[in-house]
């Protein structure tokens, strides 16, 4: 029975775990509650790797949840549903099929007779602005046109629900804006039968400009942390104060430190802490930008995003890096330099490295652990596999490699350890080893 | 509204245009030839009865047709095998565990060695008919073509991008549809490329497999290979010359009529063509695609294909949800364990069986002897690859840096690689006898005669792919002489060189069987080595020794692959990629 109160999608306490190669369980999603009501567009915002794409795939019925309930129009979901279509970040078009054939693919699988297939495809192709390109192969099209094919392929199924997995993030700014506006027009004018849209994104402005509700997703484990209603009429003016205020609010929520509720000192991290995907060079650059006018030590986040022209996702990784190293602090949608951060900016190159090393050893358990192991070993060398295996207790293979790579990059900058690519061995820097040996000799004498 | 005459029922599409006119006679001629040649394959025959063969060059086109048909039949068989193998290995992990190692071993088995083992079986299969012998020859060619094709499709099936799989699930494709619409097309470019390599190597085996020795008798199938064997026996140099021309003709025909069109056609299966990469073109494909009649005719197979691939659809489910089809067939745990036990037992039994068989008829001393032969042959292979590299790497680099030259020369090099080098052996025998040279040393170059071109064309490819910027940078920094080679050119071409040298070495092992024991008329030269050991055993029909020789060669080849080529490939892939 479909009662009026039934949501299009209803997720209750959804949990998803993956097994690491060492047979440890890693929780990607925990206790996710979510409803998609008829007639609304919801955006799901989160950092890369927060599990939002996994959640989207659970909603699409592509992967099963480990716990909780997933209901589509009140029915328990057991596989890809007829009424749910998806648009992919990478477009996922079949390169050997023409635009027309790509669009007809789902209809063909659904045994729709040829004549009707062609008619429906032609209709959607016209609607989405692909007219004239029916016979083209995807590789002949620009990125924007390719994603239009992705949308056409989904819309031709006349879906109830449209799931969008960062559909605009592979496109340039101008193209993605046009495509976004076209989608909103189709939706507003009810030219498509779709009753609800879910957009996964890591671009805050994009989310606020499209959605009726924005959900902020937190990572480790992923869950919905906050919700903001965007009560603005469409089309939305991105320059209006009301719009800017909501964007500001979302930035604040996205950067709020959830772990250590007490604030103040950096929270205690574990060995398996997922180091943010950024580099010391970028962090130093951002610190300088914050220190200089117009910010002079304190920056409004959306403004900083505009100034640096960095993607939201890259920016959040930078913020996270600065935060765990104690070089900057975030509060109420602003980022401040800490004392350490200010000292870092003012120091020369060598001084910076020293400060960075100190912060690294204090703040990042993995870096401290690597240093300790290398100190204790007689030859001051250790194979990377040793550390990878330890990380795999907490992380997937791929993620463990990324984290170790990041730790190596940071440690190299700080000159606390070095790495040989050919042999895959971590070691103390040569100068340090020489110093240690000299000390040993002195002691022996 | 005005009345108009009813339209003529024949659509304008069916009216031939000029492209059609050019192509129609070609197509009919081809069909007639194929039918005639195929008919000749199924004539009655008794072992021992000599097949009429003559050295008159007038017969050569007919012989070429027969050889080309064998090649085509082998290619078809390889395709069927490839499909079955790749699907089984990619979809059923329990089978994958067995099939992949087996393929690895099959790849390193010297094909020419076990020709005589299989031929008896095929003759028994079609008693009193030539088809048995034909099958044996086709099987030999098949074994030279199938393995790399199967491996290519298997690895393609394993690397279908995840988002395309997800898309096919979201749009409810059945596993049948997914295979024909997504997984197979994904593997097509790699498969066609490997088919081309296979056929290129296949000419060598066509020449070597048409004259088959069974229980002391030599059966000569009508074909270019037999013609050559006959010419060698008769010391007819002019006939050899004609044969070379015929084979060249065969290579050109295959290239122009089969592979150019295929490669040009597969361009659409590639996800993205790299910038500046030359789009492959083919006049045959252009004609087919522009001819009005052919375009219309192409609809028929096109529609049949669409029907076939859409055949097995998802069952209409009652609910709104269609669980996606499984990607792989996973057995229950107990079955998996039982399967493992069975495999282990079978492997043990096989080892014991082979050991007993070889030991009973050969003896331990000879096994050591054969291992030493293997060492001798591997020294030859290593030295020759090194020498060939010294010659062809500089030449290849020189050519590769001149795009205009490279375009023409690379095609010639590929052509030379396809050319069966065994055609040139008689010349070598004459020279060695004439100047009274050391047989052990001077027959060795024959091994690499046909395979050195792999080094050349891969190095040309690598050198022409060096980015312009890097060249400019090295000039700008003033890199010259040995320094330039060591720091810039050698690392830059290393990955392509490794591929070329690996192929060349693999081919050389196989060539050892025909090149360490060569003859011209009644002069026979025999070098000391594993190749001549196998060749001699084959000539005498001595199965235990053939088996021993093959096993040892297999061992050597696999050892080289594991301890030399694989580490080099890894090194090339990880450190020296140009991207």
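Glycine is no exception: its Cβ is also placed from the backbone N, Cα and C atoms.
Going by TrEMBL, these are the annotated features:
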DOMAIN    B:64-263  domain 'ABC transmembrane type-1'
DOMAIN    B:374-564  domain 'ABC transmembrane type-1'
TRANSMEM  B:21-43  transmembrane segment
TRANSMEM  B:63-90  transmembrane segment
TRANSMEM  B:102-125  transmembrane segment
TRANSMEM  B:184-205  transmembrane segment
TRANSMEM  B:211-230  transmembrane segment
TRANSMEM  B:237-254  transmembrane segment
TRANSMEM  B:338-358  transmembrane segment
TRANSMEM  B:370-399  transmembrane segment
TRANSMEM  B:411-433  transmembrane segment
TRANSMEM  B:445-467  transmembrane segment
TRANSMEM  B:488-509  transmembrane segment
TRANSMEM  B:546-565  transmembrane segment
Give the nonlocal contacts of the transmembrane segment (B:338-358) in its own chain as ranges (CB under 8 Å, at least six residues past its ends).
94, 97-98, 331, 367, 544, 547-548, 551
So what's near the transmembrane segment (B:237-254) in sequence-distant terms, Cβ-Cβ under 8 Å and 6+ beyond its ends?
55, 57, 60-61, 63-64, 67-68, 71, 199, 203, 207, 224, 227-228, 230-231, 415, 418-420, 423, 426
Per Cβ pairs under 8 Å, the stretch of B:445-467, B:488-509, B:546-565 packing most closely against the transmembrane segment (B:411-433):
B:445-467
Same-chain Cβ contacts of the transmembrane segment (B:445-467) under 8 Å, 6 or more residues past its ends?
204, 380-381, 384-385, 387-389, 391-393, 395-397, 399-401, 403, 406, 409-410, 413-414, 416-417, 419-422, 424-425, 428, 489, 492-497, 499-501, 503-508, 511-512, 515-516, 518, 531, 578
Cβ-Cβ under 8 Å with the transmembrane segment (B:488-509): same-chain residues at least 6 beyond its ends:
108, 110, 201, 377, 381, 384-385, 388-389, 393, 396-397, 400, 447-448, 450-452, 454-459, 461-463, 465-466, 470, 474, 479, 553, 556-557, 560, 565, 568-569, 571-573, 576-578
